[in-house]
Every structure is written in C-alpha cells, then in structure tokens.
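According to TrEMBL, the feature transmembrane segment maps to A:22-42, A:54-74, A:81-104, A:116-136, A:148-167, A:187-208, A:241-258, A:270-287, A:294-312, A:318-335.
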Amino acid sequence: MVAQMSSKVLVPRKPGTPAKRWILWVAAMRAWLFLALLLIVFEIWSRLSYGTTFVLSSYNAQSITIFAVAPLLLALGETFVIIAGGIDLSVGFIMGLSAVIAALVTNKAGAVLPPFPAMLAGIAAGLGVSLVPGAVNGWLISKLKVPPFIGTLGMFGVARGAAFILASGTTVPVSNSWFAALGNGRFLGFPVIVIIAALFVLVMHYLLGQTRFGQHTYALGASEQAAVRAGIGVGRHTRKLYLLSALCAGLGGVLYTARFTAGAAQAGEPLLLDSIAAVVIGGASLFGGSGTILGTVAGSLVIAVIQYGLVFIDVEPFWQFVAVGIVIIISVLVDQTQRKFGGDR
Amino acid sequence: MSAVSASSQPILDVRSVSKRFGGVEALKGVSLQLHPGEVVALAGDNGAGKSTLTKMISGVYAADGGEIRLDGKPVSFATPEAARREGIETIYQDLALADNLSIGANIFLGREPMRRAFGFLPVLDRRAMAVAAKETMATLDFHVDRLDAPVGRFSGGQRQAVAIGRAIYWNARVILMDEPTAALGVPEQRKVISLIKMLKDQGRGVIFISHNLQDIFAVSDRIIVLLRGSLAGERRIQDTNHDEVVKLMIGG
Ligand SMILES: Nc1ncnc2c1ncn2[C@@H]1O[C@H](COP(=O)(O)OP(=O)(O)OP(=O)(O)O)[C@@H](O)[C@H]1O
Ligand SMILES: [Mg+2]
C-alpha cells in the first residue's frame, strides 16, 4: 500500500567541480598555506639579500615561537569564544591585569617566603585574578543579555584601568630567580614558556575536539536554538567560555611577567587584534560555528612570522600592521567564499 | 493495518485543555486522543490554536485547565526536556539541528557517549555516534554514505529525516510535528510523508499540523479540526473528504 519504499541514499551535497573542491581545500588549509608562503618568501629574500637561511636558523625559529606564545595563549581562549559565536575584547587587558598582580604578589610573598613558593603564589594570584573579569563577562552576556562585543568592551576598559591603578602607572619589576628561570630558562634545549604553551595547546585541542564541552561550543555557534533544545545549559556554557578565555589571558600575563621579570598593565595591549587575527586566519568564522585549535596555532605562527620576518629583512616595523591587516582581510574573504561553496547555511 | 481500534488504550489522552494568553483564549477545552501507530492531523485556520495545543503537550506551555494523560497517568511537564524524557518529541519547523555537526553528533547532542582513550582519558565516542546514526537512519530507510559530513550539507527533507532520526533514537513514542512540510519542495514533502508512514508502522503515535489537505489525506488516520480555539470537528479520514474538512475549518 505504501507507494515508494525504495531505499534512499543520504548523500551530502558536495561542491561539484574540481575547481570548487580545490577552493574548499585551500580555504580549510589557508593558515598553513599562508605560513608556508611567508616562510618561502622570507627564505628567498634572506638568501638574496644576506646570503643566509631564514627558516633553518634555530635562532630565528626560537625567536618566532617565543614571540608567538603570548598572542597564541590569548587566541586559544578566543577560539572557543568565537566558535560559540561570541567575541572577547577584554583579553588584552586581562592579560595586563594578571601580569601586574602576578608581579605584585610575587614580590609581596617574596618578603616572607622563599622564592619558589613566592613564585607559585604570584602565579596563582595572576591566574586567579583573571577569573574575576572573566566571570563578570560571562554574567553580563548570559544573564543580562549584553551583546558580547559591548560587554567585553566595557570589561576591556575596567581591566585596563584596574591594571594601571594597581601598577601605579608604571611597570612592576620582579626579583625572583625562579620566575626569571620560568620565563627565560630552557628545558631539554627548548624555552620553558614554549613548552608550557605547547602543553596548553594540547589540552585545548583535547577540550575542543574530544569533549562534550567542545562539542557544545560548536553547537552553540551553529544554532543557539539547537543547543537549547538539546538540553544544553546555554547560559552556564557561555559563562564557562568567558572564564576559559580569561584564564588563557591570565596565563599569558603570568608568562609575560616571567619573561620580562616585570608586570606591566599594557602587557597585552597590542595583542588583542593579533589574537583575534590568529583565530580568523586559523579558519574560524566570526559568525561562529567553525574553527580549530591547530588552525589557531597556525594563525598565531603566521602573525609571528610576519612580524619577526619584516624586522629581520629590515622593513620599517609599521608595515607589520599593514601586512597583518591584509592577511586578516584575505582570510575573511576566503571564509566567505568557503561558505558560498561549502553549503554551510 | 490502518484501522484504529478505539478500544486500545491511548498513549496520549488530552482532556479538555484550555489556554489563555492575556485576553486571547487560544484554546477553549480541546480534547484529543492518540493511539500507538496512529497518525492524527491537526488542521485549522491561522490562529486556531494548533501550535498552542502541541506546545502544551510538549511541555512548552502549562495548561490553564484540563489535563493530559500519558499511558493513562496524568502528567504535567514543566519543560520540554521533561516531556522528552517521557518519550514526547517535537520536530520543530526550523529543525533545531546544529548544521556544523554530523548526523551522529546531532542525534547525541547534549547526551554524547564517551569512551576512554589510552585507558584513562575520556573522549567523545565518535564511532558509537556514527554507528548509531547509521542504524537509526537505516530504520527510516535512509542510507548515509558520509557519516562525518555536517548536516548543513544535506537537503531540507534529509535534514527533516535527521531530526526525526534523533527523536526515534531516543525512543520517542509520541512525535509532534508542526508543519513539517511547509518549508520544503514537493519531492521533499513526499519524503517526509513517507517518513511519517514509517513512524506509524513502527508503532509510534504522530500528531502533525498541516495546512496541506493533500498531505493530511495521504497519511493520517484521523483529522482534528480546530476553529478559534475550539474543536470544530473530528473525523476518521476514510469517512470524510476535502470539502467537509474545509467547511469545518472556516466554520461553515
Ligand atoms: N506566546 C503567545 N503569546 C500570546 N498570544 C499567543 C501566544 N501563542 C499564541 N498566541 C495566540 O493564540 C492563538 C492561537 O495561536 P497558535 O499559534 O496556536 O495558532 P495556530 O493554529 O498554530 O496558527 P498558525 O496556523 O498560524 O500557525 C492566536 O490568536 C495567537 O495569537
Ligand atoms: Mg502554528
């Protein structure tokens, strides 16, 4: 009695022509392609102008990775927020706040404690204080329904002011041998802060790709309605996201203090744009729903290579901004093309 | 096997429920019964109260008066989740799928299965999700070739199938569909109609809202017509025709 009972095969719409498929592949890999392209350009330039290698110099490689650590840390937290369809503009000054607090508390604790526990106290304080603006961000956005752009912009101002007030408008030097070793020491030949950042990348990669938390972050970015109807506590999840983002910034601040043995309110000032750029270059969409940790790592490296490479080849440093800006714009254009061809609604 | 034995106990028994929104009496004592393996169509003009009725069944709105019984027991669901736990699933018109996730991930969204990698690290069990997705979609006679593709890549009717697949994976016994074919092209509408038949053959109860009499006559056992919040008429589908239904709808 049922007329058509023939089997149906569910076939996802695929971009038809090879050209379109190629575009999609390029779009997905754009951060790594950018990186490869930049390295090739700088390598050729370096060989022609100086007769030396750029890429194979371990000094350059190390400088670039150290350079990339702080923007990468901010970008890792930002990746989650952006995938969920939000944005966190306050990370730069949360980083500054954390750097200042870590320095102040390490010094205060150092007056009564040996250096190692004093450093631990400073680290704990730096990370802990970052959670305060993170919690306020989450509360504003999830409870008071303030748009993320506005709420975190407000927090940008508050954290900035607080950091400068606490630092009395100057930098706060730290005298703690352990802290200095953390920031500038090596372990098995690798800079300690690069090792810490690499371990953190692994944890974030796991969190985004392999846990419910990560899965729900993607779902939230695709459709808040879908998340709500699946029984996901959207408000709670949002609060966790902004806490995570702030914590990443806090770690960035602590490592800044370690590296420069001084906390500064403006520690993260130039890094907000860099971190968002890293996420976008890494393949995340500012519309939410897509992005990966490995992409963000590549995006951070792209920015670090541009900034370091331009200095290396003696271009005026202001060209960095132009170059990073161009790469961001290209990335967003690629993202739009990808959406058009990829069937993502 | 389409005849409905009125003697069997209904899974769902809605007894003269009413609902008021401020000055609007959206429902004025409407009753409805649904048996296992039965498809009931809800028809009526715009604002007749169809969506309100299904939302009361699915726990979105609380009834102002009357009662709802599930398997003979009075129930009152505070939230849609509570209704879902009892096997009442709603397929929303806008589907409520996460377009960037796979079929399996959508089926399990919010209740993802975990496994332990290296014996200790809890990770998403993507294999289990894919297997369940494949099997579930197969019971709807859909055979998926790319289990990792995001559902955004599928067509409207296919996505409807995914939404239905999610409901049946979680053992929905009562499936509510508010205009499931409204946003679809004609071939896709047919697919949804055959999906509803399949749900019926699996012994589930389906209530579906439609403005399309063709669809209603193609798949329902009974039709319930609402008019300005009241029951305008209830007919077994073989005892009625388009004309009569239209007259009931406009209150002729
Ligand atoms: N949340 C609400 N708040 C206020 N009034 C509502 C609400 N939901 C429905 N109504 C009113 O209740 C009445 C019934 O609405 P309902 O959505 O149930 O109609 P419907 O039969 O589904 O109509 P349609 O075919 O247009 O979807 C309408 O007058 C509507 O304006
Ligand atoms: Mg309606």
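Each Cβ is built from the backbone N, Cα and C atoms, and glycine gets one as well.
Keep in mind that TrEMBL annotations are predicted by a computer and have not been checked by a curator.
Long-range contacts of the transmembrane segment (A:270-287) within the same chain: residues 27-28, 30-31, 34, 70-72, 74-75, 78-79, 82-83, 85, 87, 89, 91-92, 95, 156, 252, 294-300, 302-303, 324, 327-328, 331-332, 335, 339, each at least 6 residues beyond the stretch ends and with a Cβ under 8 Å from a Cβ of the stretch. Between the transmembrane segment (A:318-335) and the transmembrane segment (A:81-104), fewer than three CB pairs separated by 6 or more residues in sequence fall under 8 Å, so the two stretches do not touch. Listed by sequence, the residues of this chain that lie at least six past the ends of the transmembrane segment (A:187-208) yet keep a Cβ under 8 A from its Cβ atoms are 62, 65-66, 68-69, 72-73, 76, 79-80, 83, 181, 214, 217, 248, 251, 255, 258-259, 292-294, 297.
Outside the transmembrane segment (A:81-104) by six or more residues, the chain places 70, 74, 122-123, 125-127, 129-130, 133-134, 137, 141, 148-149, 152-153, 155-156, 159-160, 162-163, 166-167, 172-174, 208, 217-218, 220-221, 224, 237-238, 241-242, 244-246, 248-254, 256-257, 262-272, 275-276, 279-280, 284-291 with a CB less than 8 A from a CB of the stretch.
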